[in-house]
């Protein structure tokens, strides 16, 4: 993903303030609530019957943290997202059969959650940089599908 030096600085500065566990759990939870068809990949997570059940589910929170930890690793390798996410792409494509559109949806939800958590600090410029990053990550995760 191509970011200007200012965009890279903005992404990294904000990411340094992100609580990966909290934001990850909220982002994955919102994905499962807003796009309920994505729940089919999480049958083993137990009760996902209502928004409050999803948002309070410890397995959702734990997996959200895992997802955002991987995203965090990707931020260290913005020039090689396909390489960074190659194994996860293969897993989600070949074994889990996740629709690659779901990566884009999760990226959009993550941007919303970051905006909610950071308010005025999540300026339009910061949002634009994050939009580039989540699009790049979604493309990298979908790489094995092509």
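Including glycine, each Cβ sits where the backbone N, Cα and C put it.
If you check Swiss-Prot, you get these features:
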MOD_RES   1  N-acetylvaline
DOMAIN    2-146  domain 'Globin'
MOD_RES   44  phosphoserine
MOD_RES   59  N6-acetyllysine
BINDING   63, 92  heme b binding site
MOD_RES   93  S-nitrosocysteine
MOD_RES   144  N6-acetyllysine
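Everything Swiss-Prot records as a feature, shown here on the structure.
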residue: 1; record: N-acetylvaline; DSSP (3 states): coil
residue: 44; record: phosphoserine; DSSP (3 states): helix
residue: 59; record: N6-acetyllysine; DSSP (3 states): helix
residue: 93; record: S-nitrosocysteine; DSSP (3 states): helix
For this session: Measure from the CA atom of the residue listed as 'S-nitrosocysteine' to the CA atom of residue 63 (heme b binding site) and give the result in Å, rounded to a whole number.
Result: 18
For this session: Express the distance between the Cα positions of residue 59 (N6-acetyllysine) and residue 93 (S-nitrosocysteine) as a whole number of Å.
Result: 22
For this session: Fill in the CA-CA distance, the residue listed as 'phosphoserine' to residue 1 (N-acetylvaline), as an integer in Å.
Result: 34
Seminar exercise, completed: A correct count of other C-beta atoms within 10 Å of the C-beta of the residue listed as 'S-nitrosocysteine' gives 17
Exercise. Which of the listed recorded positions (1, 44, 59, 63) has the least company, meaning the fewest other Cβ atoms within 10 Å of its Cβ?
Worked result: 44
Exercise. In angstrom units, rounded to an integer, how far apart are the Cα atoms of the residue listed as 'S-nitrosocysteine' and residue 1 (N-acetylvaline)?
Worked result: 21
